[in-house]
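Visitor: Take this structure first; my questions come after.
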């Protein structure tokens, strides 16, 4: 009798995606982050669902409903902090996943890469709207500042901002719609992730060497299922250490002050995972220019495949490109640090230099260094 796993229409899909999938024999731990992102998404959807059962999206009661969850709901505090810190883990995995793609040339699978960029934007939008929901000071002022950026769009900007707000300022209508969008987006992200996986399985996974691995494949199960489970255990361990020992480590103390439109916090800043983009935004004195730089800081990933000038796919055997890659990582860490600092000397100058370097590395230096490496190898 034929195995039902391979014949039943539903189990066949699961089988071909997670069990009998031919995978390269040499993919390293850097290939774990796809499954870890899936686990993060599941954790966020489940904790978010339970939070939504007790949360009220009204300006008068939003802050106290979050307090109620933490104080009165059974294990509400752990659900709330798992959700808040789960977002941080999500972004850590996202950044490492994108970094892996850049380092090993995975961006050459252009469909998978482009869906990935759309996913990144969707997750960033979801996280931003989620940060507004507790209705603390940083929630309110963060929402005001970031939505206000759209007013830089010529002609329609002001109308667009007021349309998004549902009034003349961030208020009850804004909070209600942000909650609605924050609830629906993770399900859209799930669908996009399935498409991301569909496109990936059209080509098969890349591997550290960047060389086609058709001649050396192993089944996904048990080799990579056990490897993914190990990664998942590390992820959950890290998340629970964060939740149980220092749940507010990555948050902002200002968000424990209820939102007050009459009192502006001294330093308005987003969550840590947006600081690099926020630093790029602030480093340009012009409002529209800053907004364009902010969008392009992520959108620049879309043109990376077009700028691939090397004859090798991966950076594994390209020491000069490796140096440049780690310079980019250092630059992003610098931008993250600058984004959390006040707008004063010398932080402004450092931010501007780091922003210029970021775009220089990706758009100019990487392609040039790749050509130099080709010539060094007499190709």
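From the backbone N, Cα and C atoms, a Cβ is placed for every residue, glycine too.
What you are looking at is a predicted structure, and each value in this text was computed from that prediction instead of being measured.
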Visitor: When you get a sec, could you say which of 257-277, 320-340 is annotated transmembrane segment by Swiss-Prot?
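Guide: Among 257-277, 320-340, the range Swiss-Prot annotates as transmembrane segment is 320-340.
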Visitor: Kindly say whether the transmembrane segment (33-53) and the transmembrane segment (178-198) touch, using the definition of 3 or more Cβ pairs under 8 Å where each pair is 6 or more positions apart.
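Guide: Contact between the transmembrane segment (33-53) and the transmembrane segment (178-198): present.
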Visitor: Which has the fewest other Cβ atoms within 10 Å: 83, 97, 182, 196, 201, the binding-site residues listed?
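Guide: Counting other Cβ atoms within 10 Å of each of the binding-site residues 83, 97, 182, 196, 201 gives the minimum at 201.
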Visitor: Can you tell me which of the binding-site residues 83, 182, 201 is spatially closest to residue 97 (heme b b566 binding site)? Compare CA atoms only.
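Guide: The smallest Cα gap between residue 97 (heme b b566 binding site) and any of the binding-site residues is with 201.
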Visitor: Any chance you could find the range in 77-98, 178-198, 288-308 with the most Cβ pairs under 8 Å to the transmembrane segment (226-246)?
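Guide: Per the Cβ count, the answer is 77-98.
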Visitor: Below 8 Å between Cβ atoms, which of the listed ranges 77-98, 113-133, 178-198, 320-340 makes the most pairs with the transmembrane segment (288-308)?
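Guide: By Cβ pairs under 8 Å, 113-133 leads among 77-98, 113-133, 178-198, 320-340.
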Visitor: With Cβ-Cβ distances below 8 Å as the criterion, list the same-chain residues six or more beyond the ends of the transmembrane segment (320-340) that contact it, or say none.
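Guide: Same-chain contacts beyond the ends: 99, 102-103, 269-270, 272, 274-280, 282, 310, 347, 350-351, 354-355, 357-358, 361-362, 365-366, 369-370, 372-373.
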